[in-house]
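**Q** Sending over a structure as structure tokens; questions will come in a sec.
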Amino acid sequence: MKYTSYILAFQLCIVLGSLGCYCQDPYVKEAENLKKYFNAGDPDVADNGTLFLDILRNWKEESDRKIMQSQIVSFYFKLFKSFKDDQRIQKSVETIKEDINVKFFNSNKKKRDDFEKLTNYSVTDLNVQRKAVHELIQVMAELSPAAKIGKRKRSQTFRGRRASQ
């Protein structure tokens, strides 16, 4: 009886192991296609270190990582945009973009559209420059953690007074 359970456990491991090969995320296959297309597997690609991986390893806190990830995702969207006319890799690019949509934007189309809108602004466009400078003070106020804490304390104080009356 003991040997039977070992044999069944072994068979289960083999079945689950073989299923792992077929249950890969779709982006992996498409990323491999892009690597072949761009000869990104060649040894010279590793010269001078990584672009993104070391940066991601340096940041452990979730909010810090999200900031870095947003810049990296922005880079990839710009990169993919430059490939839009190349039909040989279009399927791979679209599959990867869709997977980014699921993983990074939680399938939230509005969030993705706003993100793409931000990454598509041209810093050389005079109207964009003028609007950005016009909004700078408000944007800086939104970035300040002190402003957010002050707002929260005021609203909590107000609620406390109302409850005691």
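Cβ atoms are placed via backbone N, Cα and C, with glycine included.
The structure displayed is predicted, hence computed values, not measured ones.
Grabbed the feature section from Swiss-Prot, which reads as follows:
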- ASN48: N-linked glycosylation site (CARBOHYD)
- ASN120: N-linked glycosylation site (CARBOHYD)
- GLN24: pyrrolidone carboxylic acid (MOD_RES)
- 1-23: signal peptide (SIGNAL)
**Q** So, three-state DSSP: helix, strand or coil for GLN24 (pyrrolidone carboxylic acid)?
**A** coil
**Q** Going by a 10 angstroms cut-off between Cβ atoms, which of the recorded positions GLN24, ASN48, ASN120 has the sparsest surroundings?
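**A** With the recorded positions GLN24, ASN48, ASN120, fewest surrounding Cβ atoms within 10 Å: ASN48.
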**Q** Between the Cα atoms of ASN48 (N-linked glycosylation site) and the residue listed as 'pyrrolidone carboxylic acid', find the distance and write it as a whole number of Å.
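**A** Spelling it out, the Cα of ASN48 (N-linked glycosylation site) and the Cα of the residue listed as 'pyrrolidone carboxylic acid' are 30 Å apart.
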**Q** How many Å lie between the Cα of ASN120 (N-linked glycosylation site) and the Cα of GLN24 (pyrrolidone carboxylic acid)?
**A** 32
